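Each remark here refers to the structure printed beneath this line.
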Amino acid sequence: MEIEQISSGDGDDHLAGTCHATEGGDSKEVEDVAAEAAYIVWEDLSVVLPNFGDGPTRRLLDRLNGYAEPGKIKAVMGPSGSGKTTLLDADAGRLPGNVVMTGNILLNGKKKKLNYGGVGYVRQENTLLGTLTVRETIKYSAHLRLPSTMTKEEIDDIAEGTIAEMGLQDCADRSIGNWHLRGISGGEKKRLSIALEILTKPHLLFLDEPTTGLDSASAFFVVQTLRNIAKDGRTIISSIHQPSSEVFALFDDLCLLSGGETVYSGEAKMAVEFFAQAGFPCLIRRNPSDHFLRCINSDFDQIKLPLMGSKQVCKTNREDSISYLPTGEIKAMLIKQYKPSNYAAREKERIKEILAIKGNSIKRKLKRQANWSKQLCTLTQRSHVNMRRDLGYYWVRIGIYIVLSVCVGTIFFDVGTSGSVFARGAYAGFISGFMTFMSIGGFPSFIEELKVFHEERLNRHYGVGVYILSNFLSSFPYLIVMSLSTSSITYYMVKSRAGFSGFVFIFLDLLSCIAAVESCMMTIASLVPNYLMGIIIGACYIGILMMTSGFFRFLPDLPKVLWRYPISYVNFAVWGLQGAYKNDMIGQEFEALIPGGPKLKGEVFLTTVLGVNIGYSKWWDLAAVVVILIAFRLAFYAILKLKERSSPLLREIYTKRTLHHLKKKRPSFRISSSSRFPSKRHQQVIHSLSSQEGLFSPIH
């Protein structure tokens, strides 16, 4: 195959043209191979964690260069804290917002995005719905992501094939597991996470320590499966901590990191030769990965004295000389040996060859994922199954609602119109206030589901709107059960206003208020970083709503500034309680407040004591609650979308300001306190990745 290079004036475009074959019969085949290939290159890649105080700036990655190509597995290895996950996050565009990244990441020579289904990322932490079985998890994901033009049988066959490919047949019908369900093992969860990402056969697959928690046989099986996937023309980059010798032999390329610097990068099988040339040979019977980490992991410095004291170190062994050298010196020697070596030269030459290949763009597009209606049905069904099996989501609350309803019914039993009008008001206030407040109990389960949404959203499995609507549809039957059970028990025990329409209103009013509380908590969950802050802020917000609802302090007595206007008007509890008061009291006569006095009409009590406006119907109050409910759902949608779209802009601003500050004000940015080698990045032109498409990477 003859490769022709055409220079491009655009700094963001390193390749143009097409691949040409010497024989016409092979031309189409070569073009097809190039069209499906995904080459990724990182040049002068640095990631720093700024410190605007007196401490030094932490350099997570220091001017790394490397590549990954189709058909091979690139292993990123190093001790804990060496920058393995940071490199994967940088390449995949998933760096957190508090770090600054400089350099260039090029996908097929360009800063461009892959189409849907082109990238998969398997995190070290498993984010799964614990109530689903392994088979259900894979099938739901397949129906969400695979094209709607495929039949159900075809999609199910792909799911079953993936289960077999990852060796999950034995646990396919077992639940993943949560706080009350005993589930599959950690290794099986990891294989399940990988299975979910290979469903669409992505061009580029990132894996963060896929063998964590696996025994040696399972780890070998997983990496062997990944190798088979790579041989299908996929590009795989995987971080790994300390693989066995059998697993290490499966890797094609190796990037060995320590302290964010490159110790070695090149063919995995040549790493042993490099260490031997550098003066640190690996014994024949020793695992190469153990030897590499033994040379560069500073934690071994803390165990040298115990090892030497117990005579576990043989001084006569040539290889064991590393036991008497600090790992900092060994690391420095290895880096010094690598930079001018033939291995580094071959790495740079290969990067140039990749950037020079013409026609290396991905032309074949995966058919679009399932259409909107199919995604909605699939998500609704999956969410409903999760809610039905998770005891803490709704079932515990339903039980508590029934118990509380019986308590309320017995306390206010047969109040009717013969009892105190204030007792009727207290009953309505408790139902509309405290009973709706109990809906905050579903916040923990919702947070777990939201984690799954964020992970799937990063991989573009479905949109924000379809998720919000499916969540509401799947939860609606449970809200009906809670509202119907509460209203049925209390309405007939308390002997509220007779008539079916009065019962229907109480039911709808309670249903709307509970749904509004849940929507409110979802909005709060989208704003806070963790579960604890969500519970605290949510409880505080609901408490404010209860105080201004008109029960603890009547509406006319609320301070006009802020609390009466506008808080009470945007408080769904106000409208819900007013509707309940009108439903119970309008048209009713109650016993006089003073013994022997005339009976008190409900309308008079509402207007003079409670300050409720009876100039409009109770159904308008119910409509106001529904409007606020919809407003919360729209706010939830807007916040999620705004966070997605504003993130690149905010990161760009943060990156520019931080780089300016570090360059001008922070000497530690120029010379890393943890490195013996001075940084030269301040002498070069800084190419901020925040100016590229997406989140610091061409991939997103």
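Backbone N, Cα and C define each Cβ position, glycine as well.
The domain 'ABC transporter' feature in TrEMBL is assigned to 40-284. If you average pLDDT over the domain 'ABC transporter' (40-284) in this model, you get 88.
If you look up TrEMBL, you'll see 1-28 marked as region 'Disordered'.
Remote same-chain residues near the transmembrane segment (392-413) are listed as 179-180, 386, 423, 426-427, 430-431, 434-435, 438-439, 441-442, 444-446, 475, 478, 481-482, 485-486, 489-490, 492-494 (criterion: CB distance under 8 Å, separation of at least six residues from the stretch ends). What TrEMBL records for 392-413 (among others) is transmembrane segment.
Residues or ranges marked as transmembrane segment by TrEMBL: 425-447 (among others).
What TrEMBL records for 467-491 (among others) is transmembrane segment.
Residues 431-432, 435-437, 439-440, 442-443, 446-447, 450, 468, 471-472, 475-476, 479-480, 482-484, 486-488, 490-491, 496, 534, 537-538, 541-542, 572-573, 576, 579-580, 583, 618-619, 621-622, 625-626, 628-629, 632-633, 635-636, 639 of the same chain sit 6 or more residues outside the transmembrane segment (503-525) yet have a Cβ under 8 Å from a Cβ within it. Positions annotated as transmembrane segment by TrEMBL: 503-525 (among others).
The annotation transmembrane segment is assigned in TrEMBL to 531-555 (among others).
The transmembrane segment feature in TrEMBL is assigned to 562-581 (among others).
Sequence annotations record features per position, and here TrEMBL assigns transmembrane segment to 619-640 (among others).
Counting residues 6+ beyond its ends, the transmembrane segment (467-491) has Cβ neighbours under 8 Å at 375-376, 379-381, 383-384, 387, 393-394, 397-398, 401-402, 404-406, 408-409, 412, 427, 431, 435, 449, 453, 457, 502-503, 506-508, 510-511, 514-515, 518-519, 522, 633, 636-637, 640 in the same chain.
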